[in-house]
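Have a look at the structure below, then the notes.
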């Protein structure tokens, strides 16, 4: 259970973000649906909690959907669009293909929310943002007021997804640069990477690390070789930290012990400028929770569409 202190601090940080936001971002508000459909957020929460209760891994999947949406042309639900004669779906980009999941849960949320609201007033982009928050809370993580009022895009870009989503083998300078292009700093990089405290990843993403890297605990590497052989088993899963069904600081503790699963994870604690933050988070869950909440709000504001810039999709998988 997140303490009242963390919630209050998160709220303060959200207000700080709002105070410095660009004009388009100032149109977002945690109270956006209070009058048009006050039942919307409780409905989203019920579906998310049921999905996570059924399969804990779904919490990580829904959080990842929001991240992969926001890093490609902003938080506009473009990641949800299926391929069509006019849309080159981001679902088939290299970082997403046979990897992203949870689309059926978003479909279910959309059906439920449109029903309780009596009409389609809640955007798919807002559903992604709220579902990510509710997933984190369902797994014991911090909460934050989700800023709402995003509109949905009518286009997607597989090429942009391939270009903008950080692959799992980046070193620290490349990671810092990748996040900087999105308006996110080193603290955001480390805090948001902490989302890897929940969920697993596939063998092909860490095979080279456990067989060839030197900045890895040898016993940890050996343990993983039965899950991820040199050949085959590409889709075999391993947890990103020892407690993949609980949002905690075990991820950072693992980095300090050279037990980061992905090369891009261990890059955060490898003698570079982010070592101090990793060490601090590993022993201070309150600090991590507050910074994660703040960075999620900041990430959720990347290149948003508001007003007439986008639409509220009737079906999250295709434009109206």
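Note that Cβ sites are derived from N, Cα and C of the backbone, with glycine treated the same way.
Curation does not apply to TrEMBL; its annotations are automatic.
If you look up TrEMBL, you'll see 68 marked as active site, proton acceptor. The heme b binding site feature in TrEMBL is assigned to 196. Under the heading disulfide bond, TrEMBL lists 37-117, 70-75, 124-316, 203-228. Taken from TrEMBL, the feature site 'Transition state stabilizer' applies to 64.
Feature map: TrEMBL annotations on the structure.
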residue	record	Cβ within 10 Å
64	site 'Transition state stabilizer'	22
68	active site, proton acceptor	22
70	disulfide bond	30
75	disulfide bond	29
117	disulfide bond	17
124	disulfide bond	32
196	heme b binding site	26
203	disulfide bond	19
228	disulfide bond	23
316	disulfide bond	22
**Item:** Neighbours of residue 75 (disulfide bond) among the recorded positions 68, 117, 196, 316 (Cα to Cα, within 10 Å)
**Value:** 68
**Message:** Test of understanding: give the count of other CB atoms lying within 10 angstroms of the CB of residue 37 (disulfide bond).
**Reply:** 18
**Request:** Sort the disulfide-bonded residues 37, 117, 203, 228 by C-alpha distance from the residue listed as 'active site, proton acceptor' and give me just the closest.
**Result:** 203
